[in-house]
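What Swiss-Prot records for 6-223 is domain 'ABC transporter'. The annotation ATP binding site is assigned in Swiss-Prot to 38, 39, 40, 41, 42, 43, 44, 45 on the grounds of sequence analysis. Marked as region 'Disordered' by Swiss-Prot: 230-259. Taken from Swiss-Prot, the feature compositional bias 'Basic and acidic residues' covers 233-259.
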């Protein structure tokens, strides 16, 4: 396995007198998608901020090791933009990373929304804004991409399309991806490793092994591991656009299996 980009070793974090994380460890390696799952208040966002260097561990309670020169892209759960600002998508990206137009166009193309470059950000749908935020995170060609609830507000087909796109980004850039989610419907089938968090690591491993772990069922309920919930898969011979609609990029000489 490649050398980790970030290693968190036995870290505890206390914020405002409250223990938010306790003895947590994880390793993020290039080319792998890791997903943090857990209920609200489990410490998922705090752990992500720890990885990003925005939160420090408690004194004498673990270490965080980051590879020197690590480039990080971050996609927040929410972003507030003043409705009165006449802000185009291109300008929005420029404010995050000033540079040549070609780099912004390339990031939007990789996120599947190059056609939105001159659109006003206030005119974007929820799914379109998620793709633009992803393009923003990709501008620096990151070694590590951190996404906080990237599919929130997107329907199931759109989520599947987004996770498929993230796999493509991972393959093209060779980056590590850290996903944060509380939605079990699709995310576990779109990841290499799952870490189940409830202020500490309850269980971790492949999606299949975690879905069978008693600690996982204790946290999410006895039905959480059923195929139509945690281990949803979508085998098809078509692609999806950012709204989740099927697009036919394959050869129609044979039968189609559109769902």
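Note: Cβ is positioned from N, Cα and C throughout, glycine not excepted.
Since we're looking at a predicted model, the values are computed, not measured.
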Between 0 and 100, where does the mean pLDDT of the domain 'ABC transporter' (6-223) sit? 90
Among the binding-site residues listed here (38, 39, 43), identify the one with the smallest other-Cβ count within 10 Å. 39
Other than 38, 39, 40, 41, 42, 43, 44, 45, which residues of the same chain sit close to ATP? List them in sequence order, counting a residue when its Cβ is within 8 Å of the Cβ centroid of the site. 182, 197, 198, 199
State the count of C-beta atoms found within 10 angstroms of the C-beta of residue 40 (ATP binding site), not counting that atom itself. 7
Quick note, residue 45 (ATP binding site): same-chain residues at least 6 apart with CB under 8 Å of its CB -> 77, 148, 180
Taking all protein chains shown into account, the Cβ-based neighbour count within 10 Å for residue 41 (ATP binding site) is 12
CB neighbours within 10 A of residue 42 (ATP binding site), counting all protein chains shown, number 22
